[in-house]
Amino acid sequence: MALPVVAIIGRPNVGKSTLVNRLCRSRDAIVHDEPGVTRDRTYQEGFWGGRTFRVVDTGGLVFDDDSEFLPEIREQASLAMAEACVALVIVDGQQGLTAADEAIAAWLRQQKCPVLLGVNKCESPEQGLAMAAEFWALGLGEPKPISAIHGAGTGDLLDQVLDFLPPQDEEEAPEPIQMAIVGRPNVGKSSLLNTVCGENRAIVSPIRGTTRDTIDTSIEREGQSWKLLDTAGIRRRRSVNYGPEFFGINRSFKAIERSDVCVLVIDAEEGVTEQDQRLAGRIEEEGRACLVVVNKWDLVEKDSHTMPAMEKELRSKLYFLEWAPMLFISALTGQRVERIFPLAVLAVEQHRRRVTTAVVNEVLQEALSWRSPPTTRGGRQGRLYYGTQVAVRPPSFTLFVNEPKLFGDTYRRYVERQIRQGLGFEGSPVRLFWRGKQQRDAERDQARAASR
């Protein structure tokens, strides 16, 4: 059973994102003293009174202006209201009742979702009730004075939220696979998210930097739960000013860190850029499973040779991710989009896979039979005694040798290729740790390992 949803609604700069961070005990929602920082619907999990629910933060509602993203923000707010059990409408107690608040109240009365009214920025308990009193005029029920920044009154508000949540399902839901959708600005990440979800979950625009938050979306595919993380486009550092986009990019890197698998989106028309390479390196550095999705394939003139030729060219530049599957799609038409999920499942399975020591050493012995370790000019030869898997996520192996410095980069890459050829791990990075050991100790430890 999906978690119930609580929507946060209000005009710009009343403290909605600060309240989200307070309710969810996080800093995932971007807070910045500038209207319009939040644009898409962003989701986080909240917990109160033994209940877990999803809090959806929405952009600031403005009804007398249709410039930039404001119509799309209103659409996102409507979608949030449609899926919510209850909406928390936030107003600014210090600024007082405004015409914008009255316009939002009129819009809310057309919605079917029940409403609770929170009067934010009431840091003084003595003045809070007086500040909240004028908001009775909105006709949205009792205005509750709160302070999102200090937490005052938020507990009482959450107690009321619990009354609107459906009965709790006692059966525990399995952990979803977390998939981060990452890439440069304007490669089609939000279009891909919308195609996958079958709705406008994210605002799509040709303007770079439209997505600023990391947008969490929960869906199910063939019995598997997924949490999709659509991230802000990552540009060159000197192109980014301090502000909402700066914070959004930091959220993107955090999304990579907390993901199980990354979908790196490449623009088929533009090919691989320096920023794509840096992003690929970041994914590999974090040790995340990955697949490369080449979007806008519908815009490329092609014949039967175009795809293999382009894949070869792209892989030559994305050498960090030579192990990642590559898929050519069109987020606009939906071409091959559904293939992303089985490839992602396979990558996650390989990322979590463990292999017995006996099987690891069969592969290593075959590698040694095909190509002996290098010998120095002085006649010293590297000796690889045995190996064992020491970790998963990503799969990591310790190889015991006489002297690690005798094994150069070329031979180390050869051993990794042989491990992949013999054991698989498609879609997952592999870590090899070369550790020096005396021959006698290595033989004793190998015998013990073989018995396990």
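Our numbering is plain: 1 for the first residue shown, then up by one each step along the chain.
Just so you know, glycine gets a Cβ as well, placed from its N, Cα and C.
Long-range neighbours of G10 (GTP 1 binding site) (same chain, six or more residues apart, CB within less than 8 Å of its CB): K16, G60, L61, V89, I90, V91, I104. Residues or ranges marked as GTP 1 binding site in Swiss-Prot (evidence: sequence analysis): 10-17, 57-61, 120-123.
Counting every protein chain shown, the number of other Cβ atoms lying within 10 Å of the Cβ of G183 (GTP 2 binding site) is 26. Residues or ranges marked as GTP 2 binding site by Swiss-Prot on the basis of sequence analysis: 183-190, 230-234, 295-298.
Summarising the annotation, Swiss-Prot assigns domain 'EngA-type G 1' to 4-169.
Annotation comment: Swiss-Prot describes 177-352 as domain 'EngA-type G 2'.
The annotation domain 'KH-like' is assigned in Swiss-Prot to 353-438.
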Between N13 (GTP 1 binding site) and W297 (GTP 2 binding site), the C-alpha gap once rounded to whole angstrom: 40
Structural state of G183 (GTP 2 binding site), classified by DSSP into three states: strand
Between K189 (GTP 2 binding site) and T58 (GTP 1 binding site): CA-CA distance (Å): 19
